[in-house]
Amino acid sequence: MGEFDSSLAYLLPWEFSPSWTLACLASAGLYVRGLLHRRRSGLHEGFWRPFAFFLGIVAIYTVSQTHFDYLAQYMFFVHRGQHLVLHHLAPFLIALSAPLAILTAGIPHRVRNLPTVTFAAQMLRPGYRLLQQPVIAPLLFVGLIYFWLIPQVHFDAMLSHRLYQLMNWSMLVDGLLFWWLILDSRWPANGGLSYGVRITLLLAVVPPQMLLGAYLTFSHNVLFDVYAVCGRAWPLAPLTDQRLGGLITWIPATMMSVLAVLIIIGRLLGKRSSMYRYG
Amino acid sequence: MYKTGCKTALLSGMLWLVGCSDPSWQTKDISGLMPPLDFELISEEARSVTEADYAGNVTLLFFGFTHCPHICPTTLANLAAISQELGEEAQNDLRILFVSVDPDRDDPAKLREYTDAFGPEFTGLTGDGEALQALTRRYRVTYGYGEKDDTGNYDVSHSNAVFAFDRDGDAQLLIREDDPKEAVMADLSRLLAH
């Protein structure tokens, strides 16, 4: 019984935050509603797209609202893992599942036609367009990783609950924007970014991430003293913690770019073969 | 026009993030980042105490354990030297609370013996896991235990910083291990002058 209680405690949030819980629940709810709605119209999504979407949502919930979040606050390498999920892995899965049509189908009609909703969408559009410019998107993507790792900024973010939330939300939102732009299921002719530009963006964000990761991995100085100031989750040598964090920033993060390039090439080849077939 | 607006918003946002502290403090200013002092612990006299017992004093809060080989004795010795230099009047108004996060090994008697070696302004506090967790969580710090060795000894990870509170119990400073002694002296005198 005691063991059951303690393992249950690992699933409970370290710091309950309504924004994360609500966002995860609302998007999962909308998605399920949309799936059912479309099924009634005879549209079936298959297994993999919903699977990728839910995996992304579960991953976001896990790193933000379970014991994982505690470890992320008190171990540098776990924090890097948290941002890998929030900024790379989960948004990648969600964007790959191309959920927009399903989520839209899930919004109740009454809400969709509310004047405030239409107005808000109109207000947000220019900002969204700006952030999705092919020059701004990769700068923002890499810039945010660097910004939150400026030692003084990182110190305050780890010390203040408000800044910590802002940091994690900014990573998730930017991750969604970037991978949405890259993995947009629309063809270039239908408004999506050209495949060449997508591959260029993906390759452009690799060197700065490698550089930062390598710098963290090979540095002989402890760059983030906030983990000594706040105490670590368990006694681990500060440089070991930093090296592990550096490797996470370096290798899996850049692998995501490679994976996305492969997916884009796959789409290019798919398009070509279908052109041959039908053309 | 639109782009300039966005840039200005982004820039002022960054300035707000980086530069919200009062530059005249020489150690880290945490006013606004951290909540006021609030706890319920067991003192070295084995009685239950709260922050109200230390009201009116400038209070320093440090987390550690008496078996600590380096950080705790060094930090407490440095604070003792600083408090001595600040003078008797200042000493009377300064309370240095050493909170042990190793309650299994540190009972009130042991804590009393340990803090007495540093001076009368030092008080040892501890509590059960729940009370300690409430306090460490409040200040966004943590602690953890290493594996036991053959002799039953184990390492404890803990915060190496000293939190300083003004006479009203509001969080004011975070003093780090590598802050120069002069900076700590200057900031504590300023805190005690109010």
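Each Cβ is built from the backbone N, Cα and C atoms, and glycine gets one as well.
Feature annotations, reproduced from TrEMBL:
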TRANSMEM  A:20-36  transmembrane segment
TRANSMEM  A:48-68  transmembrane segment
TRANSMEM  A:88-109  transmembrane segment
TRANSMEM  A:130-151  transmembrane segment
TRANSMEM  A:163-183  transmembrane segment
TRANSMEM  A:195-218  transmembrane segment
TRANSMEM  A:247-269  transmembrane segment
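The transmembrane segment (A:20-36) makes contact with the transmembrane segment (A:88-109): 3 or more of their CB pairs lie within 8 A, with pairs spaced 6 or more apart in sequence.
Long-range contacts of the transmembrane segment (A:163-183) within its own chain (CB-CB distance under 8 A, at least 6 residues past either end) are made by residues 17, 19, 60, 64, 73, 82-83, 86-88, 90-92, 94-96, 98, 128, 131-132, 137-138, 140-141, 144, 148, 156-157, 193, 198, 201-202, 260, 263-264. Long-range neighbours of the transmembrane segment (A:48-68) within the same chain, counting only residues 6 or more positions beyond its ends whose Cβ lies under 8 Å from a Cβ of the stretch, are 9-14, 16-17, 20-21, 23-24, 27-28, 31, 35, 78, 81-82, 85-86, 89-94, 96-99, 102, 168, 172.
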